[in-house]
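Colleague: Just lifted these from TrEMBL, have a look:
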type	residues	note
DOMAIN	34-457	domain 'Ammonium transporter AmtB-like'
TRANSMEM	34-58	transmembrane segment
TRANSMEM	70-91	transmembrane segment
TRANSMEM	141-164	transmembrane segment
TRANSMEM	176-196	transmembrane segment
TRANSMEM	208-226	transmembrane segment
TRANSMEM	238-258	transmembrane segment
TRANSMEM	264-288	transmembrane segment
TRANSMEM	300-319	transmembrane segment
TRANSMEM	325-345	transmembrane segment
TRANSMEM	366-391	transmembrane segment
TRANSMEM	411-435	transmembrane segment
Amino acid sequence: MHLRSAGTAMPPQPGPYMPDLPAVPAWLNKGDTAWQLVAATFVGIQSMPGLVVIYGSIVKKKWAVNSAFMALYAYASTLIVWVLVGFRMAFGDRLLPFWAKAGPALTQDFLVRRAVFPATAHYGSDGSLETPRTEPFYAEAALVLFEFEFAAITLVLLAGSLLGRMNIKAWMAFTPLWLLFSYTVGAFSLWGGGFLYQWGVIDYSGGYVIHLSSGVAGFTAAYWVGPRLKTDRERFSPNNILLMIAGGGLLWLGWAGFNGGAPYAPNITASVAVLNTNVSAAASLLTWTCLDVIFFGKPSVIGAVQGMMTGLVCITPGAGLVHTWAAILMGICGGSLPWFTMMILHKRSALLQKVDDTLAVFHTHAVAGLLGGLLTGLLATPGLTAVHTHIPGARGAFYGGGIGQVGKQIAGALFVIVWNVVATTVILLGVGLVIPLRMPDEQLKIGDDAAHGEEAYALWGDGERFDVTRHEAARGGVGGGGAWGASVVDEAMDHRLAGMGARGVTIQL
């Protein structure tokens, strides 16, 4: 307490440090608010810059800019659509068993009130209230931000199936439509109080809502958009593996917010979830690496990052609901079954061979997410599940839940799969009537320069020596052609090289 010189108390300090209304309502918990905002930021870092860095580095050099921009655009467009109508379609008042009423999340009256999931109250068979609706101890604005990060990363993950050939204008049209007509349906059905939520399907933090949906939708979209050029499919080596590892590290550490923020409070399940997330990722990475060594004779760095990813995905549906020994088991399963579908089954399946899923999102997210959901139906413990779920007595089959919980997990997965196949197909066929879904082959041969007029690296390509004459030809004679145009190119190139500290470097022509 601040004291005047005479010993009398000063009036309360105005502004953000008011001890109570209006800055701190009675229902607001500062710790919960802080954690939810931090968790949202962690998830945002997974997309920006995590997946942007991964996409820009894991692809062939000529697609680095386009791939990173697809992720960047998806993130930005999702935020605007989310606050305009998307958030309340996923977490608002019930409209249909699988959809909530649309509405904006833009006004002070809405954003500063206590966060609430209006459709999550659960009633017993006799009509009596068993579980009240979920009301976290922070403002609606924090919930809007946190759930936006989940929506955005789903679209960014989906983009991984389409890198290296999708028309960027078609992608710009596709992203808001898919968010509204696919993502919001899964989010409300499983999290917002829809029919799968009320039935008791468990999806702790997005194994189905995010990973299964992005993997299935990405695979479906890849089918309709069509494949990359044959030369790109045959040789699509990363342009910067070290940068890819850095992006993977951001993704791994950011998952603390992904699974730690899912309880909407920093409670015991949040702590368990963060630990289990890291344990599963490590177990999966080691499993994938060991399989690479056993079958191919050497460890693959790209494979290790994929193994890390599948471990993170697999634990997500049950991160805060299982023992840590179970997280190790889920990590081992997450590092082996997707490895098998990608390395063995893929080569034997005509459908998987036909569909050009650029970054194998189907294997790393759809397969791993489905696997995690089923394992959660077996391994969810009654104690942790009671803290998190709204269904009295919910637990995995290994703890007395019976086969019923596994059946619910299967049914929930089937709904997500079917809805994403249908919705993605309809959206892309509609967009394709107006905008070509795939770039023409002439642009595909060039890559970033054709799509954006920009290139990721100035001096070298995919193992090529820098060739000034090639660049002269590509630009068609700058400044009117002829000797004068060539001299302009030479002068401009000398200036660029000098600016990079490259004077004195011998360039082989």
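Each residue, glycine too, has its Cβ placed from N, Cα and C.
Curation plays no part in TrEMBL annotations; they are all automatic predictions.
Note that the coordinates shown come from a computational prediction; the quantities given were computed from them, not determined experimentally.
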Colleague: Take a look at 70-91, 141-164, 208-226, 264-288, 300-319 and tell me which one has the most Cβ pairs under 8 Å to the transmembrane segment (366-391).
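Modeller: Going through each listed stretch, the top one turns out to be 300-319.
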Colleague: Mind checking which residues of the chain, 6+ beyond the ends of the transmembrane segment (208-226), have their Cβ under 8 Å from one of its Cβ atoms?
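Modeller: Long-range Cβ neighbours of the transmembrane segment (208-226): 150, 153-155, 157-162, 165-166, 170, 174, 178, 182-183, 186-187, 190-191, 201, 313, 316-317, 354-358, 361-370, 372-373, 412-413, 416-417, 420-421, 423-425, 428-429, 432, 437-438.
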Colleague: Under 8 Å between C-beta atoms and at least six residues away from its ends: which parts of the chain pack against the transmembrane segment (238-258)?
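Modeller: Same-chain residues near the transmembrane segment (238-258) but 6 or more away: 38-46, 49-61, 64, 149-150, 205-206, 274, 277-278, 281, 301-302, 305, 308-309, 312, 316, 456-457, 462.
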Colleague: Counting only residues 6+ away from its ends, which parts of the chain sit with a Cβ under 8 Å from the transmembrane segment (264-288)?
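Modeller: Distant Cβ neighbours of the transmembrane segment (264-288) are 29, 31-32, 35-36, 115, 134, 136-137, 143, 204-205, 252, 255-256, 258, 303-304, 306-308, 310-312, 314-316, 319-322, 324, 326-328, 330-332, 334-336, 339, 384, 387-388.
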Colleague: Apart from its near flanks, which chain residues at least 6 from the ends of the transmembrane segment (70-91) lie with a Cβ under 8 angstroms of it?
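Modeller: Same-chain residues near the transmembrane segment (70-91) but 6 or more away: 47-48, 51-52, 55, 99-106, 117, 143-144, 147-148, 151-152, 155-156, 158-159, 162-163, 166, 168, 171-172, 175-176, 179-180, 183-184, 187-188, 191-192.
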Colleague: Near the transmembrane segment (411-435), which same-chain residues lie under 8 Å Cβ to Cβ, leaving out any that are not at least 6 residues past its ends?
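Modeller: Contacts with the transmembrane segment (411-435): 98, 167, 169-170, 173-174, 177-178, 181-182, 185-186, 189-190, 196, 199, 201, 203, 208-209, 212-213, 216-217, 220-221, 224-225, 370, 373-374.
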Colleague: Do the transmembrane segment (141-164) and the transmembrane segment (34-58) come close, with at least three CB pairs under 8 A (pairs 6 or more apart in sequence)?
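Modeller: Yes, since the transmembrane segment (141-164) and the transmembrane segment (34-58) share at least 3 Cβ pairs closer than 8 Å, they count as touching.
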Colleague: Return the average pLDDT for the domain 'Ammonium transporter AmtB-like' (34-457) as a whole number.
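Modeller: Summarising the domain 'Ammonium transporter AmtB-like' (34-457) by its mean pLDDT gives 94.
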